[in-house]
Structure formats: structure tokens, C-alpha cells
């Protein structure tokens, strides 16, 4: 149950569907308050007629129909990504976000009750410099920041985008909006005065022609040679699809701990730090649980390299819609002479194509190896909508960063 602007309760009991992440029949309910102090209506009115007043939920325990509607909106958006789903945003809120600030999810419905827009936000503070204690208040996208989400954003039906943009404009009059790593198609939702503060290349490979068409002739020959040598050494590869139901959680949980361990060991061998460590484990364990509970066969998936029943390499990412997003990798440094790391990535590309997926998304970073798989950049964009002193200080911070880069 939520509370509308007029103070009257909205209808509908919280959902209890399996895997919805919703509240249950124990009497717990999602706390909701009015989504905006002023009713959000763009000038001239939205194309589809007025939607119900937005309802703001202050708990990750959302009603089942809200979760289903949110998933449907994200899936219908050509620019949607795994990082715009409720599974990512709410898992992040329950784990990393608990120490980051105050979360909220604002939901719009049509007159018939259908969810037509969802805006997840986090009220937080951002440091002006990593070594300076001063931090300023702002609103960010719930699920962005720590955890390295790419292609972030909001979910809205096409006929409601103007209404959501107007609502964000009103929010921007009262608080600074710092919206990082948004998919470029999200620009149409931003209020006037939004300033781009940075661009992040995210290479992605088109799989529609098949994995054997990727890369140069020499690169394909190299991959075949690596594969033969690894096979002769007894290494095999297998794809582990997203879990469907509780019965498949144990193996995925074990694989997550394995990739964390192998990744940490390899980074240590190279003398390099990492943020993909034990502190991030609760987020990814919750992702596995939430995704499995939906029964949709989406979410965390793995490519595993094994020898004599022991994992020597694991690649971890997210299968969603027609895309696999490669998030992180770990492998035994002892197999570096046989190019195990490259082989694991190549096998993941092949497995994704074998699943009928159209895109292998390498996510952020311009490491040269990605382009050997014919990856092409798509740039996420970070935006600042400044308000008051916090907006002025954050604007100064990003202008200084831009000046240093130039």
C-alpha cells in the first residue's frame, strides 16, 4: 500500500508471488509516501492522458505487481540493461546501498493499474575529492556507484517519458542530481540544465554472425591453438546458466566465491588492487537469489574452466534479454603460458552465441583485448543537474577533472 499526494491510501495488497522480492503475508508492507510535492504534469499533458499520481516507496520490499511492471518496462526499452532491472537495483539497495544513503523508488501507474514508469533514486553524499573529507548532498540513480553498474537509468513507457522528465525537473529544483553512467538514450529524460560530466566507453560485440566470424584470421587461429593446448592439458569448459529456483542456488553460490578467490589471487600476483572482493560478495549473492526466485532464467551466469574437477578459471556476468554482460573474471595464474584468460573469454563469447544471444557486452573499460573480438564502443554518459551550493561545488569538481584531462 502507498500514500498518494492527497494522503489517501492506494489500493492493492502487497504481492506474495514466488521470487518477487515482495512483502509477504506476515503483515509487513512496503512503506510508501507521495512521489512528489507537486503533481508531475508536463505542459500540455502527456500523450497517453494523465497517469495516477506517483507513489514513492522507501523500502526494497515492493509489491509483486510493481516488480513485474518494472521488469516489463526495462525489457521493453531498447536501451534497457540488466542494471535497470529491479533485481540489480533492489539487491544493491539491500547490500551496498544500506551504507550509502536513503533509497526510494517512485512508481507511476495507468488508470488500469499498469506500471508505466519507475524512477529509483538514492539520497546520498559525494566527496569532492578522494582524499578530502568534505562531501555534499545529491540524488543519484539507485544502484549506480559502488558495484560498477553500467548503462544505468530509469524505466518509462514512451508515452510517459515527458511526464517523468517533468518530475525530475521538479526534483532538480530542490536537490542536485548526479546521474552517473547513464545509457545515452536516457538523455531524453533529463531536465534542462543537465551538464555532461564524463563519458565511459563500454565495448560490445555483435554475435549475430556467429563467434567464428569475430576477429582477424590470425586471432581466430591463435584461439584454436590455445584451445588445443589447453585441451591436451586436460582443461574443459562449461557454461552455467542463470539459476532457476532455489535448487540451483548452491552451485552458483560456490562459483561466485570461486571467481572472487581466483580474481583476488591473480590481482595479487600482478601487484594490483581490486574492488571485486569479499565486501562485494553480499551484493552478488543477493543478485543470484533474487534472479533465481523470479524463475525467468535471467541474471548471474558463469563460464567455468576446469581441470580434474577443479575450477581453474571462472568468468562471471549477467544474461538478460539478448545480451550477456561480462562483469569479472578470475583464473589461476599458473596457466598464463597457455593463455587461459583469453581462452575463457573466447569460450564465454562462443557460449553466449550458442545461447542465441545477440550481444556480448564487455562493459566499461577500453582494454585492447576487447577489440580483438570486434567490439565497438557505446558510451555511457554521466550528468549533473546542479542546485545550490552542492551543485556549484560538484560542477567545479568536474570542470577541474576535465581541465586535467585536456
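Each residue, glycine too, has its Cβ placed from N, Cα and C.
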Notebook entry, point to check: When TrEMBL marks a stretch as region 'Disordered', which of 189-211, 212-234, 235-257 is it?
Noted result: 189-211
Check: Same-chain Cβ contacts of the region 'Disordered' (189-211) under 8 Å, 6 or more residues past its ends?
Finding: 150-151, 153-154, 156, 161, 164-165, 168-169, 172, 177, 179-181, 323, 346, 349-350, 352-353, 357-366, 370-371, 373-386, 395, 398, 401-402
Check: For the region 'Disordered' (189-211), what does DSSP give as the number of helix, strand and coil residues?
Finding: 2 helix, 12 strand, 9 coil
